Amino acid sequence: MNDVSAPALIQPANDRSVAAAGARLRTGQLVAFATETVYGLGGDATNDRAVAAIFAAKGRPSFNPLIAHVADFDLIETLVQVDDRARALMKRFWPGPLTLVLPRAAHSPISLLASAGLDTIAIRMPDHDVARAIIRAAGRPIAAPSANRSGAVSPTTAAHVAESLGERAGLIIDGGPCRVGVESTVLDLSTPIPTLLRPGGITADQIEAVLGQKAQSAQADASAPKSPGMLESHYAPALAVRLNAEHAHAGEALLGFGAMDCTLNLSPTGDLEEAAAHLFAMMRALDRAPFTALAVAPIPEHGLGAAINDRLRRAAAPRS
Ligand code: TXA
Ligand code: MG
């Protein structure tokens, strides 16, 4: 038996495993690791392909924007725009279970797929030595949703991650059971009135005590029933979108898939992970003059194709 070439899926957190995790992340591979809230499935937040691999491993039928995890305060302003409110909350609660949604900085290196094409980025600094050591070893922000298959409960031990994701996790760094056990609070600061998008480890009262202002609750504030997904703002192209196009009509840009003549190609070889990685950047590149509309080639519905088609159908839906 040769166990040298096949390291165990779960490794205890130590200098060697953390260095190995950093090396994997730098080459676009995934690593699951402990945070104080739940285990995260991490990938390089600046690498579209690594982020596409996260969505593929989770098996999620749609692209939800992900949180960029950082280990230190320096360089944060190269990722997001930090105002006085954000600075005060970071000072009080970071590292800790508070995620802030902030406007994307000009030239932010964060993957557009990680933010689902939005102009805002969710960012947090986990209160866990193993998580921060891995982020430092990677030397870049790490995108990390909870390390479970879509629809399953969030994992709070390394064994949970292995049960849910198995080999899809790539490598699991065991940092013990999670102290908080529920996901971080998500607070949107991209608007004048702070909006609580997800309750979590830090309470609304704790936030109000720092801001001197109540955060409005995205849920309680509803004047009309909210449909699932309504809280998520979605990137919508300015140009009209036509789906399942084999050819461009006059004036249209054609976003292709597989071997074909087109303006830009999501994946000439028909690779759905590559297509996901390119989706938002290419939609944005074509969403402008001289084009008058955006036509998109048919995308197969299997694997990440389901999430790509979900996003394309939203982009093509009639606008009100
Ligand atoms: O505790 C946590 O936050 C865990 C650990 C691993 O850090 N992570 C986590 O990630 O729960 P995830 O991907 O399962 O949840 C991210 C949440 C989602 O509700 C998502 O909609 C929201 O953050 N989010 C991310 N980016 C956003 C953005 N730009 N605007 C609005 N909401 C955003
Ligand atoms: Mg989750």
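Quick reminder: no glycine exception, Cβ is built from N, Cα and C everywhere.
Per TrEMBL, the feature domain 'YrdC-like' maps to 15-202. What TrEMBL lists as L-threonine binding site is THR37, HIS69, ARG124, SER184. Summarising the annotation, TrEMBL assigns ATP binding site to ARG60, ASN64, THR120, ALA144, SER146, SER154, ARG198, TYR235.
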When distances run from the Cα of HIS69 (L-threonine binding site) to each of the binding-site residues ARG60, THR120, SER146, ARG198, the nearest one: SER146
Span of the L-threonine site, taken as the largest CA to CA distance across THR37, HIS69, ARG124, SER184 (Å, rounded to a whole number): 13
From THR37, ARG124, SER184: binding-site residues whose CA lies within 10 A of ARG60 (ATP binding site): none
Packing count at HIS69 (L-threonine binding site) (other Cβ atoms within 10 Å of its Cβ): 27
Binding-site residues clustered about THR37 (L-threonine binding site) [Cα within 10 Å; pool: ASN64, SER146, TYR235]: SER146
Entries of ARG60, ASN64, THR120, ARG124, ARG198, TYR235 (binding-site residues) sitting next to ligand 2, with Cβ under 6 Å as the cut-off: none
Distance from ARG124 (L-threonine binding site) back to SER154 (ATP binding site), taken between C-alpha atoms, in Å: 18
Fewest Cβ neighbours within 10 Å, where candidates are the binding-site residues THR37, SER146, SER184: SER146
Local confidence of the domain 'YrdC-like' (15-202) - pLDDT mean: 96
